[in-house]
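What follows is one structure encoded as structure tokens, with my remarks underneath.
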Amino acid sequence: MSESQDEVISTPELLELTLSHLPIRDLLLTAPLVCKTWLAITRTPALQRILFFEPDPSPRAACTHNPLLAQNVKDIKSMPWSRVPDAFNRPEASWRRMLVSQPPPQKTLVREIARWRGGVFERRAVVDGPLRMGALYDIILPLVDCRESAFCVRWHRDGDESDITLAAVYANPSLKPRIRVLDDEFYTVPIKLKNDLEFGKWGPCTVF
Amino acid sequence: MVLLVTSDNEQFQTEKDIVERSVLIKNMLEDVGESDQPIPLPNVSSSVLKKVTQPSTGPTEIDVRGRYLSTASTTVESPSRPPILEQSQDETRKRTTDISEWDQKFITVDQEMLFEIILAANYLDIKSLLCRRWLQDGSQHDQGARPPEEIRKLFNIVNDFTPEEEAQIKKENEWAEDR
């Protein structure tokens, strides 16, 4: 090994800088497997931010969506569960810890909207803290799985009351689940759905 | 014009705006003020300085990051590459068109030179020149990082993971191998 190679490899700051220029997929999949030192370097704050594991505090003009999640999880209904269900469903799978964007939404508004007896009603829940994909998944799945519903995600700009809104729209809240849309298509192992959200009371829906 | 003196005592007359890409040199120039005094660069050899200060044929912003280091050929697949590292057609095409002529010229340096550039760039504080080229396959048709085994072999790194530890890391990220 040459002298300059040796110096770059053995200087954590230089190695960190060099790794920071790797494509995110290689930084996630390849770099941590080389040795313990490299693993430790992928866990520095700078690289954790690049990997969407830690929120980036530096102000920036535009929000970047997590490209790995965008590639692998185009929308919640096309997650490739059926191809590698184990890799996705295991609790330690790293996608669960990944932020959905950088900087991440700090305030998530969840709205359930129902058309019911000639009126439109809604109830709301708010989730504080940086939004990670695992939490997003846990919030969304029960909403879209329970009833006939349409679902939408809206990203907000500065000045709105929340950074991101997740809204489920039901045809009729009193309907018992008729179709469990996600059953066979989206995961092969039945998982227990949890929805710990504390919703407010149903009320008239003002903004639709 | 600014006069720079490299570690091998070669003198360089360089445009001021080019050398001012380097934070170190910029600060030095501000410190000495207008002066004909040569600026010594004891950590930088002449061959490396030539690369680092290549004039205006380069991008206007020298901050091209690792981009120029992803070499491009859509036609040939490296047979040794595991399928998980293959990139989508779209991504490949994007990268191909992203690489300017300057970038391509820049990467035609040997491995040893690259390491010296990394060191020199770090010394001169031109962070954008730091590169990942050395983590990649040297062949022209490379599109991703080498596998961990190859990186270890190349840089004499001992695999100090137990098989269990290695398996655990793989398990966490296995989902991303699917595309």
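Positions of Cβ are set from backbone N, Cα and C atoms, glycine also.
Copied over from TrEMBL, here are the features:
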- B:1-52: domain 'SKP1 component POZ' (DOMAIN)
- B:72-96: region 'Disordered' (REGION)
- B:146-176: domain 'SKP1 component dimerisation' (DOMAIN)
Counts of helix, strand and coil residues, the domain 'SKP1 component dimerisation' (B:146-176), according to DSSP: 21 helix, 0 strand, 10 coil
DSSP-derived helix, strand and coil totals, residue by residue, for the domain 'SKP1 component POZ' (B:1-52): 21 helix, 10 strand, 21 coil
